[in-house]
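Worksheet for the structure shown next.
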Amino acid sequence: MLNFISKPVGCLKGEITVPGDKSISHRSIIFGAIAIGTSVIDGFLDGEDCIATLKAFQSMGVRIEGPDKQRVIIHGVGKYGLKQPQNIIDCGNSGTSMRLLAGLLAAQQFDSQLTGDESLLKRPMLRISRPLSQMGADVTTQDGKPPIVIKGGKKLNGIHYVMPEASAQVKSCLLLAGMYAEGQTKITENAVSRDHTERMLRTFSYPVQIQDGAIIIDCNGECHGTRLNIPGDISSAAFFIVAASITPGSDVLIRNVGINPTRTGIIHILTEMGADIRVLNQRAYGEEPVADLHIRYSQLKGIDIPASMVPLAIDEFPVIFIAAACAQGKTTLHGAKELRLKESDRIGAMVDGLNQLGVHAEGFDDGILIEGGSIQGGEVNSRGDHRIAMSFAIAGAVASAPVTIKNCANVATSFPSFVTTANMLHFQIEEYS
């Protein structure tokens with residue numbers, strides 16, 4: 001078992017980049033694989049989750065070179081060129097891989113099966129199997145959870161689906177199926193979710209309409225190979241945005257971070273708490289906005305986080321809770337029940353961990369209350385969740401004594417270079433088995 005020890009430090013200073021965006025990396029493989037022609041992807045995240053997606057397409061006959069220095073070259077086989085995999089597709093820890101692949105595989109002429117690790121096998125899949133079934137797909141789960149068994153050769157029909165809650169994975173799953181369905185597939189969102197799939201469709205020249213909160217797609221298009229530069233992942237940058245905000249005297253610059261407006265909840269929330277974050281040198285990598293982020297220490301104050309921020313910061317809440325633990329006053333969050341359905345129950349994991357470190361935190365069914373103060377040293381269990389592990393590693397920098405974090409191997413799913421990058425900013429994080 002891989003564990004971390006994170007020791008208290010003085011100020012954090014320096015300039016870093018973070019690995020490529022995980023959401024965009026997954027999608028670059030998917031669309032590159034079903035495109036006509038070759039795609040060259042730079043900035044690809046070679047973490048375990050995205051490699052699971054890459055290997056899935058290799059098992060379906062797609063030739064993919066790399067990753068080599070974050071470059072991947074995909075020799076697309078077109079929409080109808082995928083071949084039946086010889087084995088069950090193992091998605092590892094990656095819910096994105098499983099849910100997006102399910103939408104694509106539901107439209108193929110061959111049978112397939114998707115499985116994953118112990119954590120993934122506990123995650124809800126009815127949210128995709130039900131609408132896929134409405135489209136005519138034959139998709140079965142084990143009591144609503146993986147593994148997923150898909151019978152191919154089914155004729156899909158477009159549907160109008162109103163999203164019951166914000167979920168980029170469900171939306172993307174249905175858009176991928178809609179690329180093969182007869183008639184229009186229309187997806188209406190009542191709350192904004194990540195729009196990387198819609199942007200990626202445009203990048204690969206596939207026609208998609210976006211109007212009045214709805215996304216419309218049909219089968220009368222093709223993806224075409226392209227060149228793509230992936231920005232740094234704001235979900236990875238989040239750890240250092242918070243770290244610089246809560247560590248006195250800190251001054252940190254993070255270059256080339258994706259600032260897609262469906263992902264910048266962390267900047268809005270921390271700014272409302274009093275953080276000193278400047279967004280510099282705004283530009284675009286293709287369809288995706290990018291900037292450099294300059295963060296300096298500032299005393300934070302507790303706030304009531306609006307529920308409207310939940311889909312815009314869903315993956316960043318664990319480290320936002322660390323910021324709340326260092327703020328003056330109380331921070332509350334409601335409307336975030338989805339946090340209990342991630343790689344771990346993130347509300348439960350953070351409440352337990354914060355209490356272990358002397359911070360008063362209470363969990364609700366859909367949120368949390370945190371009383372800011374000081375973080376003590378101690379030991380926490382990440383529950384095998386990469387974002388919990390990294391969040392408590394950040395806490396160690398400002399704790400009164402070292403923080404030991406157990407069960408950290410899954411950090412490799414999203415940020416394999418986390419410890420190296422952190423220590424460039426003068427963190428003192430050590431790994432041990």
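Glycine is no exception: its Cβ is also placed from the backbone N, Cα and C atoms.
For reference, Swiss-Prot has these:
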- Asp315: active site, proton acceptor (ACT_SITE)
- Lys22, Gly95, Arg123, Gln169, Arg346, Arg387: phosphoenolpyruvate binding site (BINDING)
- Lys22, Ser23, Arg27, Ser167, Gln169, Asp315, Lys342: 3-phosphoshikimate binding site (BINDING)
Problem set entry | Nearest recorded site to Ser167 (3-phosphoshikimate binding site) by CA-CA distance, among binding-site residues Gly95, Arg123, Arg346 | Gly95
Exercise. What residue among the binding-site residues Lys22, Arg27 has the most other CB atoms lying within 10 A of its CB?
Worked result: Arg27
Exercise. Among the binding-site residues Ser23, Gln169, whose Cβ has the fewest other Cβ atoms within 10 Å?
Worked result: Gln169
Seminar exercise, completed: Same-chain residues at least 6 positions away from Asp315 (active site, proton acceptor) with a Cβ under 8 Å from its Cβ, in sequence order, are Ser235, Ala238, Lys342, Arg387
Exercise. Using a 10 Å radius around each Cβ and counting other Cβ atoms from all shown chains, which of the binding-site residues Lys342, Arg346 yields the largest count?
Worked result: Arg346
For this session: Give me the largest Cα to Cα distance among Lys22, Gly95, Arg123, Gln169, Arg346, Arg387, the residues the record lists as binding phosphoenolpyruvate, in Å as a whole number.
Result: 19
Exercise. Which chain-mates of Gly95 (phosphoenolpyruvate binding site) that are at least 6 residues away have a CB under 8 A from its CB, listed by sequence?
Worked result: Leu120, Arg123, Gln169, Glu343
For this session: Identify which of the binding-site residues Arg123, Ser167, Arg387 has its Cβ surrounded by the largest number of other Cβ atoms within 10 Å, counting every protein chain shown.
Result: Arg387
Problem set entry | Arg346 (phosphoenolpyruvate binding site) and Ser23 (3-phosphoshikimate binding site), Cα-Cα, nearest whole angstrom | 19
